[in-house]
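Q: The compositional bias 'Polar residues' feature in Swiss-Prot is assigned to 284-293, 304-313, 334-353. Annotation comment: Swiss-Prot describes 96-176, 413-416 as disulfide bond. Residues annotated as phosphoserine in Swiss-Prot: 232. Annotation source Swiss-Prot lists phosphothreonine at 446, 450, 465. Among the features that Swiss-Prot reports, region 'Disordered' is placed at 218-355. If you look up Swiss-Prot, you'll see 1-22, 81-97, 163-184, 411-418 marked as topological domain 'Extracellular'. Taken from Swiss-Prot, the feature topological domain 'Cytoplasmic' covers 46-59, 120-139, 210-387, 443-466. Feature annotation from Swiss-Prot assigns transmembrane segment to 23-45, 60-80, 98-119, 140-162, 185-209, 388-410, 419-442.
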């Protein structure tokens, strides 16, 4: 019994470069990092799935990034830990190549997703009028699919079939590494394409994004808050619709007056005909006003502070006229590129002085929307998204740079890099997948609150968490 125990200890000592307590320590640390990576990225994916406020184009890119990081946490980290503590690759050449292909495809997909996020924000800032038209969920899905397909094409065939291309497998039994990394030209090319070029592009893009954002914030601060137009910059749209006069409601009652205060008015069976179908806005910042006027004189339309008084009249006359004005101010979602939209909809019937009365009501209500705004801080959604991109970019550069520098050095001087340093550099790339979910939570309060609700099993109203 003692002989068999001593034999197993001697075998471990011969194969593993680490002592027993070091192996235990490495397994505990690596296992913990793998677990945190898995939990963190599952939280990101579930949060985007259950919280409608996180279901934005920008966060769909983060969802794809979380998928890549989850695969790294489940497979790559644990297989590399096994390889490290044992001291040799025990699973054979086929599994070795499959692991390397999966590892590099997923890692490159992460880089591609970061590039997409950077380009997306860059176009949002530099082309705010033309890019939002193309920025749809379908387009986001196509870009994400392209990132994964391109990553697969770049890495998987070369890793899996290089031994057949050159006619021999030079990777020795018990070892697992990419065979073509022994070729200096190929190594330089892949390192530049997979790391250095993306980093340069992302850095330049972020510089432009940051400059444009600071310029916009500085411009907003220069304008006096009290004189700011709450609707500007906006796109004001108006359209006139003529309803069927035969459906006009009639009543024996005289002229009634309904006051709309703070954008809300009590509904009754008559006003319902005019205000029904009014567009509902999902954003808390959105406002909508419906004003109904009929058979009114110019002086019957009055305006007070935060109040619109409109006259609603009913007549037995079949030719009675009715005008409905709908104003909606649309505020974009947290990652939206689009400017604020104010829509003025005029619904009325034709008749004597009909157009004139529509114009009167429209002028009065549009004038109301342009009253001086109360003291209101500038929106921080743009700063929030820019800050998230910066955090992800910095985390990527810091964790990936050491390994990619060592890859270039290893091409000319393999003995120059100790195994321990190489292992740490390789693990730093994996740790990037652990850090990313923390970046989302630190830079986005909605992610942070949703994470908290999920971890504490508070599922009530989680879909509306902001």
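Using the three backbone atoms N, Cα and C, a Cβ is placed for every residue, glycine included.
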Q: Look at each of the disulfide-bonded residues, 96, 416, and point out the one with the fewest other Cβ atoms around it within 10 Å.
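A: Fewest other Cβ atoms within 10 Å, among the disulfide-bonded residues 96, 416, is found for 416.
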Q: What is the pLDDT of the topological domain 'Extracellular' (81-97) when averaged and given as a whole number?
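A: Residues in the topological domain 'Extracellular' (81-97) carry a mean pLDDT of 94 in this prediction.
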Q: Go through the chain and flag residues at least 6 beyond the ends of the topological domain 'Extracellular' (411-418) whose CB is under 8 A from any CB in it; none is fine as an answer.
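A: Long-range Cβ neighbours of the topological domain 'Extracellular' (411-418): 181, 184, 187-188.
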Q: Which one of these stretches, 60-80, 185-209, 388-410, 419-442, has the most C-beta pairs shorter than 8 Å to the transmembrane segment (140-162)?
A: 60-80
Q: Given the recorded positions 96, 176, 413, 416, 465, which lie close to residue 446 (phosphothreonine), meaning Cα to Cα within 10 A?
A: 465
Q: If I count Cβ-Cβ pairs under 8 A between the transmembrane segment (419-442) and each of 60-80, 98-119, 185-209, which range comes out on top?
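A: Most Cβ pairs under 8 Å with the transmembrane segment (419-442) come from 60-80.
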Q: Can you work out which residues elsewhere in the same chain, 6+ from the ends of the transmembrane segment (60-80), have a Cβ less than 8 Å from its Cβ atoms?
A: 30-31, 33-35, 37-38, 40-42, 44-45, 48, 91, 99, 102-103, 106-107, 109-110, 113-114, 116-117, 120, 137, 140-141, 143-144, 147-148, 426-427, 430, 432-434, 436-437, 440
Q: Considering only the recorded positions 96, 176, 450, which residue has the minimal Cα-Cα separation from residue 413 (disulfide bond)?
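A: So, spelling it out, the nearest of the recorded positions is 176.
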Q: Among the recorded stretches 23-45, 98-119, 388-410, which has the greatest number of Cβ pairs closer than 8 Å to the transmembrane segment (185-209)?
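A: Between the candidates 23-45, 98-119, 388-410, the best contact partner of the transmembrane segment (185-209) is 388-410.
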Q: Consider the recorded positions 96, 176, 450, 465 and say which one has the Cα lying nearest the Cα of residue 416 (disulfide bond).
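A: Of all the candidates listed, 176 is nearest in space.
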Q: Would you kindly give the Cα-Cα distance separating residue 465 (phosphothreonine) and residue 450 (phosphothreonine), rounded to the nearest Å?
A: 7
Q: So if I exclude everything within five residues of the ends of the topological domain 'Extracellular' (163-184), which remaining residues of that chain have a CB under 8 angstroms from its CBs? That is, six or more out.
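A: For the topological domain 'Extracellular' (163-184), the far contacts come to 83, 88-90, 93, 96, 99-100, 104, 407, 410-412.
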Q: I need the most crowded of these disulfide-bonded residues: 176, 413. Count other C-beta atoms within 10 angstroms of each C-beta and give me the top one.
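A: When each Cβ's neighbours within 10 Å are tallied, 176 leads.
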